[in-house]
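Student: To start, I am sharing the structure in question, which I have written as structure tokens.
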Amino acid sequence: MFEFIEYLTRGALVGVTYGLLAFPVSLLFSTTGSVDVALGAYAVLAAAVLYVIGGPLGVIVAIGVAVFASILVGLISLRLNRPGHIDHIIAVLGTFGLATFIESFILTVFGTNPMIRQPFSTFWDIGGIRVSPQMGINVVVCLAILSALFIVLQKTPFGRAMRASAVNPVGAALNGIPVKQIWFATYVLGGFLAGVAGVLILYTTGADYSTAFNLTIWGFGAAIIFGMHGPLRGFAGGLVIGIVQALSAGYLPGGWATAIPFIFIFVILSLGRMNQIAATGGRV
Amino acid sequence: MRSNTLSRFIPALIVVITIALITPVIAASPFWLDNSVLVAIFSLLALSVGMAYGQAGILSIAPAAFGAIGAYATAIVTARYGMSPLLGLVLALLLPTLLAYPMARAITRLSPLPLSIATILLSIVLEMAIREGGDFTGGYIGISGIPTLWFADSLFSMHILSWALVAGVIILYANLTVSATGRAVKTAKHDPLRATADGINVPALLAVYFALSSSVAGLAGWLYAHHLTYMGPDSLTMHVSIRIVLMAVIGGASTMLGPVLGAAFLTLITLYLPAAETQGMIFGAVLILVLLVAPNGALGTNWAKLFSKGRGRTAAKTANGKNVTGGAT
Amino acid sequence: MTVRAENVTVRFGGVTAVDNVSLTMERGQIVSIVGPNGSGKSTMFNAITGMVRTAAGSIQLDGARIDSRPPHRRIALGLARTFQTPRFDPQITVEEAVMCGFYPRKACSLFASMVRTPAASAEEKTFRERCGSILSDLRLAPFRDLQMSELPMGRVRLVEVARAVANDPKYILLDEPAAGLARDEQKMLAYEVRRLADQGVGVLLVEHNFNLIRELAEHVVVLKEGRMLLEGTPAEIASDRAFIDTYLGRAGQ
């Protein structure tokens, strides 16, 4: 039982970063109807840059690099899509190209070694469970960012415009809302959040070049578990994914431990959580 | 009627003529024969992307995974149990379909986007399963000593066989495209709601196309295993899938010959590319570039329209599908 | 032999788009729905074809309840529809667009289509011939090889009608088919719609042009804000005070 609670805690604490990745997934999907497969790659890129530079400067440069990469994707999607003619799949393909590029870039420059930094040598003892203070930092950073975003989305004109272009891009464009700029901003926001997630991941579980697609999958899974309606659901979804990972790593033999979380997301996908926008609702 | 009957056979005819012209030139060179077989195998894989992505709009990142299923199926029954490669062929065609159809049915409603994500998952899980498969899949070591095909045991006959298969697949594919089903899937790709009003069960039709495309990939995997006589966990990975998608997109995913052209182009280019780890950068960059310049690929783009001044704009507007020429005349 | 919608209610979130509307159309009869924009005409179409879910009420086709069946099954039973804003792939030709309408008539298996069995060839040939005759009925034959994007909107609507007719429907739902047509084209359309009805097809027509309705419809249902305002023959409707006030006064003649 104690073991179980320990896995639960560990998993939840790792899952916090997935919650951070889940937010851009759901925001982008509801705003543009597309998916940025390169999110995980931004995160790994940020982790790699910070691994090399280090320190507060490293953090800033790392997030900056992630944002830069997402700007590229934003520009590509601006070129390929416009209100009234949105080819989601082609935009996804573009992010695939970028993800492949970044992955190969990291492999070429940084090699196959895992990148991890553990700044804390002391541990907190919470009811017998050893927890790194880094975990505390993760939770605080994630909650702070997500709450800030929540307020921005609900209370500011920018947030309203963003939600309007999510519901009806053509209508929003007719009402003078710069839909394309909003889409662009959504991609870049995704890059920023992924960059932050990458920084936290470097200090927590570490990353290597091959983590990129996995991180995208975790973020994606976290986003769809409870439906794509806002950052807090994605945060909760992240916790669930983290816990599933920790539990399967704790209780299952080698291969299954890594496979089960993927299969879990597969099952969630087949429950059709992503399809609720379908044909109903609104004029045909 | 009109030119339809003929036009259905033209793509396959072009392939056959091209191969007939090339064969005498390369027949003496094992190096080029070997590459020709590889181009044919990748043509089949890229054609499978063309069917799923070009026709049905399902972006699959798993062509190599379905190919691996076909390759491992035949490798296991022939190399492990000494059974006929023809049984391997049946399995290579059947197993991917049996996996792809229920998978697509479970996940696809109207938008095929979630299915794309699921194909990434499939690739990752399959690679894991192959590594962890122990003696059955050969684990990290893979399966070597896969027999060559007794009816095509020389490089030359393998070259003929694989291109014959490509031509055959193209004929079937072209027939299907010019049929009620082929038109239906195009409608479903363009506008699922319109397709529904035409009486199409969109999710079921998309699943059928996805399953068909995966069995073509399985066929390619079968050829791959018997050509290289070795199959390992690193043979047909997700990175290969991305390269295959790139082949289809470069050539023109919605056309019959585009994927073949793309496969030939990329396979030959790869011969002269630097080390494997930097290839991803080149492929990634090229993919983005192609999407920006000619998202419909070399054979799918109306180049004349693109280059004629002013009309390019109209073409872009037309693709909009909204109020092209409003009002009555 | 009827399509019968009884007490149909459709809600989008908190908005009730159609509220307790009933409607019957017989085969061979032309029924028209009129009403201002946003009165629920198109939603009624969507409810009958299954593209929106009804919150209450029932929809029957030839006596069988169809309101829990998915759209493609309803189409297969002999329904066909057009869209108010035509939905089409701008890059296909007029002929291709109409050919798409034959899908529910397809009997050949996927495998037969792939190897092009004689049966599949014959089927494709029948479709092409039928397509040719539909196109010439609607006087679209000269445009068969044009791209959809090259047609004026009025003719695009006619192609939509042709596509719906291709299904050989028992009941056809036409959403403002005459909008944007020149007078002689309207006349031709009216003639074709009448001919469809004479062949035993039930026609449900959404239309703003009351002259056309008067010419065609045997029964008119007037909707306002999702509710049924009144119903009757075109002559009864045209002389109704409430109708003239809310509708005809502005958009009619």
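Just so you know, glycine gets a Cβ as well, placed from its N, Cα and C.
Quick paste from TrEMBL:
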{"type": "TRANSMEM", "residues": "A:12-30", "note": "transmembrane segment"}
{"type": "TRANSMEM", "residues": "A:59-78", "note": "transmembrane segment"}
{"type": "TRANSMEM", "residues": "A:90-111", "note": "transmembrane segment"}
{"type": "TRANSMEM", "residues": "A:131-153", "note": "transmembrane segment"}
{"type": "TRANSMEM", "residues": "A:182-203", "note": "transmembrane segment"}
{"type": "TRANSMEM", "residues": "A:209-228", "note": "transmembrane segment"}
{"type": "TRANSMEM", "residues": "A:258-274", "note": "transmembrane segment"}
Student: With an 8 Å cut-off on Cβ pairs and a sequence gap of 6 or more, do the transmembrane segment (A:90-111) and the transmembrane segment (A:209-228) reach 3 or more such pairs?
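Tutor: Stretch pair touches.
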Student: With the transmembrane segment (A:182-203) as the reference, find which of A:12-30, A:59-78, A:131-153, A:209-228, A:258-274 contributes the most Cβ pairs under 8 Å.
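Tutor: Looking at each of A:12-30, A:59-78, A:131-153, A:209-228, A:258-274 in turn, the most contacts to the transmembrane segment (A:182-203) are made by A:59-78.
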Student: State the residues, same chain only, that lie 6 or more residues beyond the ends of the transmembrane segment (A:209-228) and have a CB under 8 A from a CB inside it; answer 'none' if no residue qualifies.
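Tutor: Distal contacts: 15, 18-26, 29-30, 35, 37-41, 43-44, 99, 102-103, 106-107, 110, 112, 194, 197, 201, 234-238, 240-241, 261-262, 264-265, 268-269, 273-274, 276.
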Student: Under a Cβ pair cut-off of under 8 Å, which of the recorded stretches A:12-30, A:59-78, A:258-274 contacts the transmembrane segment (A:131-153) most often?
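Tutor: Top-ranked stretch among A:12-30, A:59-78, A:258-274: A:12-30.
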Student: Which residues of the chain, 6 or more past the ends of the transmembrane segment (A:258-274), have a CB below 8 A from one of its CBs?
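Tutor: Contacts with the transmembrane segment (A:258-274): 29, 217-218, 220-221, 224-225, 227-228, 241, 244-245, 248-249, 252.
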